[in-house]
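Reviewing the structure listed below.
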Amino acid sequence: QGIFVLGLPYALLHSGYSGLFLIILAAALCCYTGKILIACLYEENEDGQLVRVRDTYEDIANACCKKLSPKLGGIVVNVTQVMELIMTCILYLIVSGNLLSHSFPYVPVAEKTWSVIAFVTLLPCVFIKTLKIVSKLSQLCSLFHFIIILVVMTYCLTQIRQWSWAKFRLSIEFEDFLVSVGVIIFSYTSQIFLPTLEGNMKNPVEFRCMLNWTHFFACVLKTTFALIAFLTWGEETKEVITDNLPSFLQTLVNLCLLTKALLSYPLPFFAATEIVYACISRGNHSNYRSPLFALCARGSFLLLTLLMAMFIPHFALLMGLTGSVTGAAMTFLLPSLFHLKLKWKKLSFLDKCADISVFILGFLCSLAGIVCSIKGLLEVFG
């Protein structure tokens, strides 16, 4: 459950009744692509038992492209993953600076300076070596997230007399609808982390069950939250729903959001540094496998995210463009393509149709997002 959830009521404003259907459809599609991605990690042995022969997204890509080039697929996947993870880390820094400036408006400090202050609190991330530490931070992140959701929903329930289904739009504008599609779909994306997550589970056989339940509960929570919030504010719904709250609640929620953003940073940071470090330290170069080198690599990555957050203009539009390419690719295009390539002979006709349909849908979403983002950039630069 990412920060994207707070934009779901705004997505409903522009998508109407179709938005509710999209929230459910996106959950089903992302759950499906997560399963087929993990299926690509396994092959049957001589006894017909499934054995994990691959460990990462990169290994899957290399297996698919080995006839063309042994390492081409892995390079493409790694670059795509790192780009998306870097953008995610930078977003959390920018959001943290923005939330701090809004929480303490009377302190004469610029927003970029607040981002530097947030960055200082993230310095201990360079010492993170295992996913266990990240998982504990993610648990705390989930706790603060549910506090935010609870505060918003509780306030909305106190306004229940103002609710009206007439607030839903039947007619929608195509460009606004595309924005809603992007927000809804990318609120579910987690495919980048799934191979690592499945590999670190105590009982990997429970992965599919875990994926079903988490996506089911995510779908229920997102539908309920988006619906209640939209029925409360209707046409006045803002891009981030917490901005609709009265001032006495906004400060509390902003501080919770700030904590959530800071606690969310270690997961993409850890994933990105692991990918980069693994690529650099391959081979027999012992210097690249030393703890000091690993520490310097993580420190350099941390500093890079700060510099990009500070100096890239119109970052939101650039992130939208990158997200439309990398997000759709990692969530829909590549999982379905890899599954078809590696499992073609064992797939039923319906399975093949499902994979092809997901690929086409992902391509259309990516294309639409790219067009909208480029249009926004052209408008900004005149």
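Note: Cβ is positioned from N, Cα and C throughout, glycine not excepted.
Summarising the annotation, TrEMBL assigns domain 'Amino acid transporter transmembrane' to 1-374.
For the transmembrane segment (20-42), the residues of the chain that approach it from at least six positions outside its boundaries are 8, 12, 50-55, 57, 59-60, 63, 180-181, 184-185, 187-191, 194-195, 198, 207-208, 211-212, 215-216, 218-219, 222-223, 226-227, 331-332, 335-336, 338-339, 342-343, 354-355, 358, 361, judged by C-beta separation under 8 angstroms. Taken from TrEMBL, the feature transmembrane segment applies to 20-42 (among others).
Annotated transmembrane segment per TrEMBL: 75-94 (among others), in sequence order. Residues 57-58, 60-61, 115, 118-119, 122, 192, 261-262, 264-265, 268-269, 271-272, 275-276, 279, 304-306, 308-309, 312, 315, 319, 322-323, 325-327, 329-330, 334 of the same chain lie 6+ residues outside the transmembrane segment (75-94) yet bring a C-beta within less than 8 angstroms of a C-beta in it.
Here TrEMBL flags 114-131 (among others) as transmembrane segment. Within its own chain, the transmembrane segment (114-131) has Cβ neighbours under 8 Å at 93-94, 96-98, 100-101, 196-197, 200, 258, 261-262, 265-266, 269-270, 294-295, 298-299, 302, 306, 309-310, counting only residues six or more beyond its boundaries.
The transmembrane segment annotation in TrEMBL covers 143-165 (among others).
The transmembrane segment feature in TrEMBL is assigned to 177-197 (among others).
Annotation comment: TrEMBL describes 209-232 (among others) as transmembrane segment.
What TrEMBL records for 252-280 (among others) is transmembrane segment.
The transmembrane segment annotation in TrEMBL covers 292-312 (among others). Cβ atoms under 8 Å from those of the transmembrane segment (292-312) belong to residues 86, 89-90, 93-94, 97, 112, 115-116, 119, 122-123, 125-129, 269, 272-273, 276-277, 280-281, 318 of the same chain, restricted to positions at least 6 beyond its ends.
The transmembrane segment annotation in TrEMBL covers 318-338 (among others).
TrEMBL lists 358-378 (among others) with the feature transmembrane segment.
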So what's near the transmembrane segment (252-280) in sequence-distant terms, Cβ-Cβ under 8 Å and 6+ beyond its ends? 2-3, 6, 58, 78, 81-82, 85-86, 88-89, 92-93, 95-96, 99-100, 102-103, 118, 121-122, 125, 128, 131, 133-134, 137-138, 140-141, 144-145, 147-148, 151-152, 192-193, 196, 242, 245, 288, 294, 297-298, 301-302, 305
Leading contact stretch, 177-197, 209-232, 358-378 vs the transmembrane segment (143-165) - CB distance under 8 Å: 209-232
Lying 6 or more residues past either end of the transmembrane segment (209-232) yet within Cβ distance under 8 Å of it, the residues of that chain are 1, 5, 8-9, 11-13, 19-20, 23-24, 27-28, 30-31, 34-35, 149, 152-153, 155-157, 159, 162-165, 167-168, 187-188, 201, 241, 244
Mind checking which residues reach the transmembrane segment (177-197)? Cβ under 8 Å, same chain, six or more beyond either end. 2, 4-5, 7-8, 10-12, 14-15, 18-19, 22-23, 26-27, 29-30, 33-34, 37-38, 41, 55-57, 60, 81, 84-85, 131, 215, 218, 222, 267, 271, 274, 320, 323-324, 327-328, 330-331, 335, 365, 368-369, 372
